[in-house]
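S.K.: Pasting in a structure now, in structure tokens, and then I'll have a few things to ask.
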Amino acid sequence: MAAKAGAAASFMFMLFLLNTACHAHLSPAFYDSSCPNALSTIRTAIRSAIASDRRMAASLIRLHFHDCFVQGCDASILLDETSSIQSEKTALGNLKFLTLLEVGGPSYAVKLGRRDSTTASRTLANAELPAFFESLESLISRFQKKGLTARDMVALSGSHTLGQAQCFTFRERIYNHSNIDAGFASTRRRRCPRVGSDATLAPLDLVTPNSFDNNYFKNLMQNSNGGSTDSIVSEYSRNPARFKSDFGSAMIKMGDIGLLTGSAGQIRRICSGVNN
């Protein structure tokens, strides 16, 4: 818990640093003059967090994703519950979990200069965050509504090569589905019984769970079932450079969802609460 708290504090500090100006246009060079040490400070904090707990790399990616899909990339996910704010932290999709260069991932130019929201929405979070049990068609539709293509979605799903999932999220698959690698299912059943142990963690990538690579797609290819995105999965399984390039592009696109710039929103003094 201490490592998680430290990583969360580091990420909040990073968000604070990235939200300290009010120009209307985002740019990777936004803070070159006003805060030239921002990125090196952030990089040090993130390296420390990941060194303390390797799962933090996956957690930070997921935090970014869950923020952007609910009223845009505005740090609304960080707001605590108040009499006027229903915190997104208690939405169903966020209850169970609360840079990439540090784990072998791609480098891409992050646009800087966005501002923080003054609101949050648990209702929107429950309605708009994709669920692990949804069909491929439903997931594609959700991503398209956010301006992301099926290729973007597949590339972003490759982040599951990192981190771990809780037993309750994959129990149905390992016990009741046939289109899954038998060896993988058997391995997962050892730590995930039919009943209980819901919070038991297990990596989705058995080979390199702490490295950002394309093994997630190689694993998927063992039981391809003719879905509409199979050709993209196959491409990424054979071409790790293309996967990393597309992942970086998709992260930038996702980071453009619902931006607050200029005089919109605010620059929070405390990341978990609206300024008084």
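Using N, Cα and C of the backbone, Cβ positions are placed for all residues, glycine too.
Remember, it's a predicted structure, so these values are computed and weren't measured experimentally.
Relevant sequence annotations retrieved from TrEMBL are reproduced here:
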ACT_SITE  H66  active site, proton acceptor
BINDING   D67, V70, G72, D74, S76, E88  Ca(2+) 1 binding site
BINDING   P130  substrate binding site
BINDING   H160  heme b binding site
BINDING   T161, D205, T208, D213  Ca(2+) 2 binding site
DISULFID  C68-C73  disulfide bond
DISULFID  C167-C192  disulfide bond
DOMAIN    25-275  domain 'Plant heme peroxidase family profile'
SIGNAL    1-24  signal peptide
SITE      R62  site 'Transition state stabilizer'
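Please situate the listed features within the shown structure.
M.R.: In sequence order, I77, E88, G93, N94, A125, L129 constitute the residues six or more apart from H66 (active site, proton acceptor) in its chain with CB-CB distances below 8 Å.
For G72 (Ca(2+) 1 binding site), the same-chain residues 6+ apart in sequence whose C-beta sits under 8 angstroms from its C-beta are S117, I257, G258, L259, L260.
Using a 10 Å radius centred on the Cβ of P130 (substrate binding site) and all shown protein chains, the other Cβ atoms total 17.
Sequence-distant neighbours of H160 (heme b binding site): residues of the same chain at least 6 apart with a C-beta under 8 Å from its C-beta are L204, D205, Y216.
All protein chains shown were included, and the count of other CB atoms within 10 Å of the CB of C68 (disulfide bond) stands at 23.
Counting every protein chain shown, the Cβ of C192 (disulfide bond) has 23 other Cβ atoms within 10 Å.
In the predicted model, the domain 'Plant heme peroxidase family profile' (25-275) shows an average pLDDT of 88.
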S.K.: With an 8 Å cut-off on Cβ distance to the T161, D205, T208, D213 Cβ center, who else from the chain surrounds the Ca(2+) 2 site?
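M.R.: For the Ca(2+) 2 site, the extra neighbours are L162, V207, P209, S211, F212, N214, N215, Y216.
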